[in-house]
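Listed in TrEMBL:
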COMPBIAS  48-59  compositional bias 'Pro residues'
COMPBIAS  60-79  compositional bias 'Basic and acidic residues'
COMPBIAS  599-622  compositional bias 'Basic and acidic residues'
COMPBIAS  648-661  compositional bias 'Polar residues'
COMPBIAS  666-681  compositional bias 'Basic and acidic residues'
DOMAIN    425-529  domain 'Cyclic nucleotide-binding'
REGION    36-79  region 'Disordered'
REGION    598-681  region 'Disordered'
TRANSMEM  119-139  transmembrane segment
TRANSMEM  151-172  transmembrane segment
TRANSMEM  254-274  transmembrane segment
TRANSMEM  325-342  transmembrane segment
Amino acid sequence: STQKPARPGFQTNEYADAQLQEIVKKLRERANVYKEKLNDPVISSPEASPPVSPKAPPPPKDEKKDEKKDEKKDGAEAKPEEDHYCDMLCCKFKKPPLKKYMEYMKLPDTIDSYTDRRYVAWLMLVTIAYNWNCWFIPLRYVFPYQTPSNTIYWFAIDVMCDICYLCDLIIFQPRVRFIKGGDIISDRVETEKFYRSTLKFRLDVLSVFPFDILYFFFGFNPALRANRMLKHNTFFEFNDRLEAIMEKAYIYRVIRTTGYLLFILHINACLYYWASDYEGIGSTRWVYDGEGNMYLRCYYWAVRSLITIGGLAEPQTLFEIIFQLLNYFMGVFVFSSLIGQMRDVIGAATAGQNYFRSCVDNTVSYMNTYSIPKLVQNRVRTWYEYTWDSQGMLDESELLEQMPTKMQLAVAIDVNFAIVNKVDLFKGCDTQMIYDMLLRLKSIVYLPGDFVCKKGEIGREMYIIKQGEVQVLGGPDGTKVLVTLRAGAVFGEISLLAAGGGNRRTANVVAHGFANLFILDKKTLNEILVHYPDSEKLLMKKAKVLLKQKGKPAPGPPVPQPRGLASLFGQKQETPKLFKAMLGGKGRDGLAKLLQLKKQQETRETQAEAETKPEEEKRKPVEPTAPSAPPAPKEKPKADDQPAVMQRATSKESLIISMTPSPRAGEGEILKVEIKEKEKK
């Protein structure tokens with residue numbers, strides 16, 4: 001497309017022009033998308049669904065009225081929040097308004113029986129009513145505790161229990177959700193249909209059936225309320241829900257098992273009083289004699305009989321003998337089953353402790369077999385004790401392995417994500433990659449004084465402090481505390497991405513106290529990064545930056561800048577270290593020494609030539625090799641020739657400096673310096 005020439009005196013804004021071109025580009029892309037949609041209607045629209053058209057506005061008169069009403073409502077709602085204060089002991093406390101309490105207590109359309117605590121509280125209320133009926137209906141039926149003078153009180157409590165039963169039948173149970181084909185059904189109509197089709201609904205209806213109407217024909221007989229004990233499903237459901245939310249469920253199990261035993265003894269006491277009343281109070285030595293508190297005396301007899309303690313009076317009649325035999329048989333089976341259940345409850349409560357003790361005993365036995373030093377054995381015991389006291393188990397991964405991967409990830413995110421997210425190395429990486437990394441972290445406990453890593457070791461892992469402190473040691477002797485790292489700190493992260501398999505540790509890291517660390521090794525990280533190439537590139541860039549920052553020398557004193565005319569010339573390059581070591585001196589002293597040795601060598605050579613000249617004339621002439629003359633170009637330097645260290649302040653040495661061409665083409669000449677000892681004549 002051709003651009004129109006700009007008008008004279010008209011200036012274009014580059015930013016606005018760029019924005020307009022971008023808008024035109026997007027509009028063209030949008031037009032292409034809609035063309036494709038027209039050709040292929042299966043393609044979904046890239047834009048969101050249009051919003052629902054708003055309703056027609058009401059007349060203006062009604063708007064003003066509605067605004068006034070809304071303002072009044074807002075003011076009425078704002079007042080309770082401002083005015084709800086409670087004056088106590090000359091202090092003013094703000095309390096939430098009643099409306100919030102009502103919103104919280106309002107029942108939803110359906111109830112999740114596993115997570116809703118209000119449902120558990122309601123089940124507890126129904127369970128109390130159920131226990132009232134189970135304990136007091138037999139008591140009132142057998143013992144003469146219900147009299148015409150106190151019947152009104154018994155009747156009032158019975159009515160309250162019946163109201164609880166009816167509310168549970170009509171309001172709560174039809175709202176409980178259920179699972180069908182793996183789906184949680186939360187429709188109110190479906191939950192009501194499901195509840196009405198269960199056996200629990202039939203038993204609940206029978207438990208509230210009003211047999212109390214027969215009071216008008218047979219009087220206030222508590223036996224007519226025996227159907228109230230059919231609501232046992234609610235009692236067992238409450239036990240399951242309460243154990244699921246308790247931290248130490250075994251305590252409730254022990255209390256519940258003890259309650260079972262006491263209830264059986266209560267029923268046995270009621271049966272004994274009924275048998276005594278049938279035979280006649282005080283008619284024989286075996287029956288109740290009518291003295292003292294009738295319930296306590298009968299309960300004492302039931303305990304001694306059901307637990308088979310013995311020491312009771314012998315039964316006299318056939319009825320008494322049969323009753324006692326049945327009582328003994330029932331006592332043996334019931335009591336033995338309750339004792340077994342109590343043993344299982346206590347065993348389950350102490351299973352973890354027993355496993356811990358067995359591990360410690362096996363480890364100590366192994367160390368004694370191989371004569372491990374006592375110092376090491378004490379450190380092993382200390383590690384076991386601290387690990388068990390701090391986390392309640394020896395290996396957390398064993399517990400998480402039983403869960404699905406999604407649940408393991410949810411637990412790991414809540415526990416470790418806040419710590420790992422602080423690492424600068426992983427900031428900007430894919431969140432899913434960090435989630436996968438959380439599942440691979442290993443927790444290790446270090447004792448006080450343990451070396452987490454030592455100076456000079458090859459680092460292949462990163463450490464994250466979960467709990468405790470570690471100290472970084474340095475200095476000439478390696479005992480100076482450079483820095484103390486606490487919970488949430490990270491060290492060793494550069495080792496994960498260092499080239500060549502890892503870098504060496506530059507300092508010792510020691511646990512100051514008991515330290516719980518997370519460890520992520522290099523192999524595990526590489527296995528994760530295979531699936532996240534973008535994160536791998538980002539980590540590599542960050543690793544290079546960190547390595548450069550780590551490799552920079554410490555900033556020294558500033559170099560003074562030359563002033564005046566000296567600033568026109570560059571700084572003098574430092575003498576190479578090889579020449580410094582060869583000359584044995586620095587600056588002018590080394591050069592003066594070199595010239596002095598050269599002069600001494602020349603004087604010795606002239607004297608030697610003068611002495612040996614007559615003798616050489618007599619012999620066969622031999623071409624002398626001048627020390628300073630360069631050797632033949634074809635002669636290759638020997639690889640074994642190494643420059644000797646020059647001795648200072650000696651007159652028995654000669655210095656030979658020569659330039660030889662390099663054996664390789666294009667490399668120039670080689671400076672050769674030799675120091676030889678003068679031969680003795």
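The backbone N, Cα and C atoms fix where each Cβ goes, glycine too.
Long-range neighbours of the transmembrane segment (119-139) within the same chain, counting only residues 6 or more positions beyond its ends whose Cβ lies under 8 Å from a Cβ of the stretch, are 111-113, 145, 154, 157, 160-161, 164-165, 168, 172, 176, 222-223, 225-226, 228-229, 231-232, 234-235, 237-238, 241-242, 245, 263, 266-267, 270, 295. Proximity of distant same-chain residues to the transmembrane segment (254-274), defined by a Cβ-Cβ separation under 8 Å and at least 6 residues beyond the stretch ends, is recorded for 134-135, 138-139, 141-143, 239, 288, 294-295, 298-299, 301-303, 305-306, 323, 327, 330, 334-335, 338, 341-342, 345-346, 349.
Sorting the domain 'Cyclic nucleotide-binding' (425-529) by DSSP state (H, G, I as helix; E, B as strand; all else coil) yields 25 helix, 43 strand, 37 coil.
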